[in-house]
Amino acid sequence: MFSFNMFDHPIPRVFQNRFSTQYRCFSVSMLAGPNDRSDVEKGGKIIMPPSALDQLSRLNITYPMLFKLTNKNSDRMTHCGVLEFVADEGICYLPHWMMQNLLLEEGGLVQVESVNLQVATYSKFQPQSPDFLDITNPKAVLENALRNFACLTTGDVIAINYNEKIYELRVMETKPDKAVSIIECDMNVDFDAPLGYKEPERQVQHEESAEGEADHSGYAGELGFRAFSGSGNRLDGKKKGVEPSPSPIKPGDIKRGIPNYEFKLGKITFIRNSRPLVKKVEEDEAGGRFVAFSGEGQSLRKKGRKP
């Protein structure tokens, strides 16, 4: 008699707590049903079939459920969470931006594996358009949008919807790992310059010093404006006496305006009277000697009638 102890060394069960399967992926717009599932496009979670929930419940996996999606044809991968288990068997539904990152087409095969990710502490994003700068508080908008995400992967281009407009942001860096979980975490967020952004050129303004006196020696040669210096026309068509004969202008009569050295960019100054006011001393003295009823009257009758 021979006895064989075939079970002295138990068979190792390496994949006993790991979920790994393939699905045909479609965008959320292909999901059948009366309800609008546009909320799936606003986040980073997928919809899986009910059989996946049954298989996951039998495994000793950690929560929250996080998955690694891999496109073996293009060697692209990303990470996501799960929203519901209502898809048809053998099919999973992904947001459109996630399918673009994986270079997947409608009906393409995607490998879905369960993973454990570290909690995020830092992330850096780069907007893909300068239009993102029009948002008043971008950090608050991003924080509100990331509530629909479960994890982040370095290199992904995520899409957020704000004010009926879609903004794309590239994940430039994540800590402590290249793929992190952002569920119930305290994460510092930083932004890089948007793609295609150019800083405005600053114009250097040279301020002229008003300490030195200007040289007015060249002003004498400039005639400037002269009133009634043009030629005239006669009704009879003759040219006699129509040529201008302006009086000569002395260099001392030419006056140049005084520049406003207190001028500031963006400030408009209305000068009510550019000429200095002349003190009317004579009127003030006359006002002090005012006498009522001091005028002279006129009579229609002639004075000194003859008898």
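Glycine is no exception: its Cβ is also placed from the backbone N, Cα and C atoms.
Curation does not apply to TrEMBL; its annotations are automatic.
Quantities reported herein were computed from a predicted structural model and do not represent experimental measurements.
As annotated by TrEMBL, domain 'Ubiquitin fusion degradation protein UFD1 N-terminal subdomain 1' applies to 19-117. Helix, strand and coil counts under DSSP for the domain 'Ubiquitin fusion degradation protein UFD1 N-terminal subdomain 1' (19-117) come to 24 helix, 38 strand, 37 coil.
Per TrEMBL, domain 'Ubiquitin fusion degradation protein UFD1 N-terminal subdomain 2' is recorded for 120-194.
According to TrEMBL, the feature region 'Disordered' maps to 231-256 (among others).
Residues annotated as region 'Disordered' in TrEMBL: 288-307 (among others).
Note on the domain 'Ubiquitin fusion degradation protein UFD1 N-terminal subdomain 1' (19-117): mean pLDDT across this stretch is 88.
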